[in-house]
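A.B. asks: According to TrEMBL, the protein has these features:
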DOMAIN    44-367  domain 'Amidohydrolase-related'
BINDING   Glu119, His185, His206  Zn(2+) binding site
BINDING   Ala130, Asn209, Ala210, Arg217, His241, Ile302, Ala303, Gly304  substrate binding site
ACT_SITE  Asp264  active site, proton donor/acceptor
Amino acid sequence: MIISSRHVLNPDGSVEPATITVDGERISEVARGVADPEHLVDEWVLPGYVDTHCHGAAGVSFVDTDHDAVVRAIEYHRSQGSTTLFASTVAEEMDDLVDQIGRLRGLVDEGELDGIHLEGPFLAASRKGAHDLNLLREPAPARVSRLIDAGGPALRMITLAPELRYGIEATGTVAAAGVHAAFGHSDADAATARDAVDAGVDIVTHLFNAMAPIHHRKPGPVPWMLTDPRVMCELICDGVHVAPDVIRMVVQAAGTDRVGLVTDAMSATGQPDGDYMLGSLRVRVINGGARLLNDDGSLGAIAGSTLTLGRAVEFLVTRVGIPLAEAATMASATPASWHGLDAGRIEPGARADLCLTTGSGHLERVLRAGREVPR
């Protein structure tokens, strides 16, 4: 297969005309300049997107027991640009969580998923977001070790609140095991955030969401995380979780090499409005926005999203004013590089994962491992 475009995103973030040759599942050559008209496409050619924080889609949570249904949820995200995907969990009883990890490891072994992210149960009650308060736990050494052992090489990241008892120790344990320790769902102050980074935190789970806000006399964790070069900041760019002006500030402060787009998508993604489950909690989706559904019928905290990375990139371009090359880099090369993944770059030897978009980032076609993904 040969694809030629006047707009191909290079690994260094530049855009230039190029011709890409795909041999089987891999890119065999990237040559400067466009080829004959037979292979020339109008679209921009970008690396396949990399979503490292995602809970499900198509009416299915990734932790569900129906293997084929989970694969359909994975395939939905692929069709929307996410050719590399981590499955994220929510707070659960330890035995249930270990069972879920076992099923997800199988999907990683099959090549359907690229990793596992444990979001909970080591979260602060005051910043629990859409996690069941009754299922939150302190990161005691035995619990942390059990989850690391259960995840094995498939486990890529654990989100935890460092201010909890054992929190800093657990951060070091996670990092020492070769798993990314992520700061999130935390009420930590600035000093504790610094201590957490010193102990091994190198990712912030959905920056701004489920953490103390910025105040000019009580800064909280955000300013430190924005400016520490050891940390990548996850960002949910759907216009609900973080305002466009704040997104612009984050990109300017941290740079595209330290901001990774994520969806935090839940099972309602790609589905009609209605009622769904996120772990043990009920969720109501209205106009695509997911909120916890309280027992009295009122709506509670934001409960993940119904976002796809394809839509996130387009939102950054059309609503925030971020250039497409920068938006695509934050959806591909940055998270892939941070997690050490064989993904996110258009270069010889790389897996042939490609997103073809309009100049405004609207997704037109997706290739994964050299094959077009049905949309």
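Using N, Cα and C of the backbone, Cβ positions are placed for all residues, glycine too.
Heads up, TrEMBL stuff is auto-annotated, nobody curated it.
Just tell me what is around each of these and how deep it sits.
C.D. replies: In this structure, His185 (Zn(2+) binding site) belongs to neither helix nor strand by DSSP; it is coil. Note: His185 (Zn(2+) binding site) has non-local neighbours Glu119, Gly120, Leu123, Ala124, Arg127, Lys128, Gly129, His131, Thr159, Ala161, Thr205, Ala210, Met211, i.e. same-chain residues 6+ apart with C-beta under 8 A of its own C-beta.
With a cut-off of 8 Å between CB atoms and residues at least 6 apart in sequence, the same chain places Val90, Leu278, Gly279, Leu281, Val283, Leu292, Ala301, Ile302, Ala303, Gly304 near Ala130 (substrate binding site), listed in sequence order. DSSP gives Ala130 (substrate binding site) a coil state; it is part of no helix or strand.
For Asp264 (active site, proton donor/acceptor), the number of other Cβ atoms no farther than 10 Å from its own Cβ, over all displayed protein chains, is 27.
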A.B. asks: Do you know which of the binding-site residues Ala210, Ile302, Ala303 has the most other C-beta atoms within 10 angstroms of its C-beta?
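C.D. replies: Top count of Cβ atoms within 10 Å goes to Ala303.
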A.B. asks: Which one is it, among the binding-site residues His206, Asn209, Arg217, His241, that lies nearest to Asp264 (active site, proton donor/acceptor) by Cα separation?
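C.D. replies: Its closest listed neighbour, by Cα, is His206.
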A.B. asks: Using Cα coordinates, what distance in whole Å links Arg217 (substrate binding site) and His206 (Zn(2+) binding site)?
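C.D. replies: It is 23 Å, counting Cα to Cα.
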A.B. asks: Return one of helix, strand or coil for Glu119 (Zn(2+) binding site), based on DSSP.
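C.D. replies: The three-state answer is strand.
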